[in-house]
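Participant: Following this message is one structure expressed as structure tokens.
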Amino acid sequence: MAAVATGNVDKLKSDVASLSQISENEKNGFINLVSRYVSGEEAQHVEWSKIQTPTDEVVVPYDGLAPTPEDPEEIKKLLDKLVVLKLNGGLGTTMGCTGPKSVIEVRNGLTFLDLIVIQIENLNNKYGSCVPLLLMNSFNTHDDTQKIVEKYSKSNVQIHTFNQSQYPRLVVEDFSPLPSKGQTGKDGWYPPGHGDVFPSLKNSGKLDLLLSQGKEYVFIANSDNLGAVVDLKILHHLIQKKNEYCMEVTPKTLADVKGGTLISYEGRVQLLEIAQVPDQHVNEFKSIEKFKIFNTNNLWVNLNAIKRLVEADALKMEIIPNPKEVDGVKVLQLETAAGATIRFFNHAIGINVPRSRFLPVKATSDLLLVQSDLYTLQDGFVTRNSARKNPENPTIELGPEFKKVGSYLSRFKSIPSILELESLKVSGDVWFGAGVVLKGKVTITAKSGVKLEIPDNAVIANKDINGPEDL
């Protein structure tokens, strides 16, 4: 591709210059990204022999962090240096919802966004601090989010929104921007991944505003990670040790084998993603023996350092090519990830945090976990029920009938008790009554064309159910 494309970058520049929908910053950012890509700067394979396991100085064990100061005044001082930023560019489409994913109801009628606002408001009320909330939207979520945040206008949290960049999709065949081909709708564009958070924070003017208010650190997390709550121990540690960047990592389970991991490489800490692993080492990368931790995408970053690096155009993170097809046309999206910037910051570290700080809701099976008696909700915090003895969550597989939130909710009269569940697999047209209890290993399979109803108050323990006769 690179050989074909080099001559085309100039043509692409003039094509992009005529796109009136995006700003000069976006045009420049896009052309820079494409130029880096055609000069061969996509995710490079690492030299396997140079990889070293990071020491405890580089990936700090959470239990080894100093305790938070007890004086509420000291805590207020810490919090007044903090900004919380949630990545809010994703739509709820995979879960059958329209609008931003963050407005899906998680529990007790509260959405992801409600919980985030309640948590920060509780901190601000308790300590008299002023921690603001920033939402990075994409052009897909911007309009809806603007309307939604109005309902928080009376809360004790300042909410700022800004948009990540909008880049044109690239037509593979002739290296032209898709919007120039008459694709005028949203399908002509894409948001270029969360690596874009740093330039967008700067370009939106929010970075300078926050620095002028005396803010020092931003805590960035996905809006669908219910475990990503403000942690004073981490904030205190970073300020004490002057770490410009911290990635929260957590021990891998077999469910996380594809997640990026932290390594020491040529004297610096860096993120190793599966795309950078030579084919013959992929299985080793996925093993949980050699690479024991993975990136939660909870990131703490110094605001002055972001300003310095963005202004120097120094954040040249690995490019992730994402091929797509729009109306039969093959297109390419070039994306970057925020975790990959770790190697550009000074005194960057990982902190190996408890698994409880990683509770993402990517599908209705995750929703079932957090809506069940496995978790409790208090002051906006979703916490694990201490009555659950097994430290690991049960594995849950729900069939396509449960994929959309609406159909998932309609199939449960009430969410079953799963405190003692190890695994659940549901396939076919299955409906759950109220007060159902599931324990051990359970599979429930409705035969094709047959509706299988689990009666109210049924207790199912270590059973395969293939029809009403098995209940």
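Each Cβ is built from the backbone N, Cα and C atoms, and glycine gets one as well.
Note that TrEMBL annotation is computational and uncurated.
It should be emphasised that the depicted structure is a prediction, and the values quoted were computed from it without experimental measurement.
Here TrEMBL flags LYS101, GLN164, GLY193, ASP224, LYS362 as UTP binding site. Residues or ranges marked as substrate binding site in TrEMBL: HIS194.
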Participant: Quick check for the class: what is the C-alpha distance, in angstrom and rounded, between GLN164 (UTP binding site) and HIS194 (substrate binding site)?
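Facilitator: Here the two Cα atoms are 8 Å apart.
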Participant: Test of understanding: give the count of other CB atoms lying within 10 angstroms of the CB of GLN164 (UTP binding site).
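Facilitator: Taking all protein chains shown, GLN164 (UTP binding site) has 27 Cβ neighbours within 10 Å.
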Participant: Sequence gap of 6 or more, C-beta under 8 Å: which same-chain residues meet both conditions with respect to HIS194 (substrate binding site)?
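Facilitator: Long-range Cβ contacts: LEU87, GLY89, MET136, GLN164, ILE220, ASN297, THR336, ALA337, ALA338.
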Participant: Let me make sure I understand the structure: which of the binding-site residues listed (LYS101, LYS362) has the fewest other Cβ atoms within 10 A of its Cβ?
Facilitator: LYS362
Participant: Rounded to whole angstrom, what's the largest C-alpha distance between any two of LYS101, GLN164, GLY193, ASP224, LYS362, listed as binding UTP?
Facilitator: 21
